[in-house]
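Student: Pasting a structure here, questions to come.
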C-alpha cells in the first residue's frame, strides 16, 4: 500500500494472557471490543472466559507491546500515582458480547444495587456462551445481575444511550430480548422475527429505533417505544452481520458477507448509497479464498463523517460518507470487530487470534454546515425535515442525499 497521510497507524497490540483454568483451545477469537461512554475504560473479550478492563489512555509502556510484557515496575508506578489499574472479570463462560453503560447517581433514601449514594458508577454487560448475560460494576468487579432467558450464545449487547438502563441482547436462539436493569433486570420484551442467528443489535442514539442483523439478507428495524417491527431493510445479497446508527440517528449502515455496506435512511427505508469492498490485489495475497472481502464489522466515527470497516481481506478501511471509495487503509490480519473511541482519533479492532489493536484515525474538524445538520437531525425525523418550508437543496443536504 502506498503511504497516505490519513493511513491508520498501529499504536498498540495487546495479547491475552493464557488462561489457567480454561481450555486455551476452546476459543480464541475477540468477537467484541468496547469503550466506556466517557472513554475512561476499554474492554475486550480475551478469547476465552475472561474480560480484560484497561484504563484509557494506554500507558506509554504498553504502546506496541503486549499486555503480557507490561513490567511490574510500571504497575507499581501506576499504583503510586493513584491511576486506575487493569481489571479482570472471570465470567465462567466464553464471552461474545460487551456493552458499557453509566449507572445513574443514587439519591439519599434509595437503595442502589450498583453504587453508593451520591456516587456515579460504570457497569459492563457481558454476553456469554451459555445464554447468560452477566452485568458487572466496573470499579469493584462485583457481579450485579445474571440475566437468564436466552437459550443459546448471546452474540451482541446494546444499552440505550439515554442512561435509562434498558439493555437489548441478540442471540443465536434467533431472538432479541429487552431488559430493564432499573427494575432488577426484568425482561421487558422478546423480539422474534429472525429465522437465523442474530449477530448484531444497535440502538439509535435518540433511543427511538433498534436495528438487528442476522444470518439473513435483510436487517430488521424495530421501534424502541412499542417494541414492534417497523420494516425489513432489503438490499443485501448475503447475510447481514453488522449495523450501526450515525450519531444523529439520521443514518443507518449495514455490513454483509456480500462485501457491501449499505447506507440507509432508517425513517424511510431508502438506500442512500452502497460502499463496495473492492479487492486490492497488490496489497494482499488472496490465494484461493472465495469470500475474501466478506465484511465482519462496521462503525460510525463520533462526529458522523466517517465509517470504519473490517473485512476478511485483511484490511481496515476508513470511508468518508460522501465518497464511494475508502480514503485510508491499514493491513491487519483476521479482523472481526471494530469500534471508534468515543472522542475520536482512535479505532480498536479485535482479531480472530484473541488480540486487540489500536489504530490512529483521522481527526476531523466538522464544518459548521455539518454541525448544524447534526444538531437538527438529532431531534427531527426525515419526514419532519421534508415538511419544512425550506429550499429543496437544503432538504437534500439535511437528509444526507447530498453532502
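Placement of Cβ uses the backbone N, Cα and C atoms for every residue, glycine included.
TrEMBL: automatically predicted annotations, no manual curation.
These came from TrEMBL, pasted as-is:
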REPEAT    124-146  repeat 'WD'
REPEAT    147-182  repeat 'WD'
REPEAT    191-232  repeat 'WD'
REPEAT    233-274  repeat 'WD'
REPEAT    288-322  repeat 'WD'
DOMAIN    367-403  domain 'SOCS box'
Student: State the residues, same chain only, that lie 6 or more residues beyond the ends of the repeat 'WD' (147-182) and have a CB under 8 A from a CB inside it; answer 'none' if no residue qualifies.
Tutor: 31-32, 37, 96-104, 123, 125-135, 188-192, 194-203, 205, 207, 210, 212, 214, 222, 224, 227
Student: Report, as numbers and ranges, which residues of the same chain sit near the domain 'SOCS box' (367-403): CB under 8 Å and 6 or more residues beyond its ends.
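Tutor: Contacts with the domain 'SOCS box' (367-403): 205-206, 247-251, 263, 265, 267-268, 272, 303-305, 321-322.
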Student: Cβ under 8 Å, sequence separation of at least 6 from the ends of the repeat 'WD' (233-274): give me the contacting residues as numbers and ranges.
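Tutor: Cβ under 8 Å, 6 or more out: 196, 199-206, 208-209, 211-221, 291, 293-300, 302-304, 307, 309, 311, 319, 321, 324, 373-375, 377-378, 381-383, 399-401.
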Student: Under 8 Å between C-beta atoms and at least six residues away from its ends: which parts of the chain pack against the repeat 'WD' (288-322)?
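Tutor: Residues 6, 8, 238, 241-248, 251, 253-257, 259-261, 263, 275, 277-280, 328-344, 347, 349, 359, 361-362, 364, 366, 370, 374, 400, 403 contact the repeat 'WD' (288-322) from elsewhere in the chain.
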Student: Residues sitting near the repeat 'WD' (191-232): Cβ under 8 Å, six or more positions beyond its termini, same chain?
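Tutor: Those are 152-153, 155-162, 164, 166, 168-172, 174-178, 238-249, 252, 254, 256, 266, 269, 378-379, in sequence order.
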Student: For a three-state summary based on DSSP, what are the helix, strand and coil counts in the domain 'SOCS box' (367-403)?
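Tutor: Looking at the domain 'SOCS box' (367-403) with DSSP, the answer is 22 helix, 0 strand, 15 coil.
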Student: Taking all residues of the domain 'SOCS box' (367-403) together, what is their mean pLDDT?
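Tutor: Computed over the domain 'SOCS box' (367-403), the mean pLDDT is 96 on the 0 to 100 scale.
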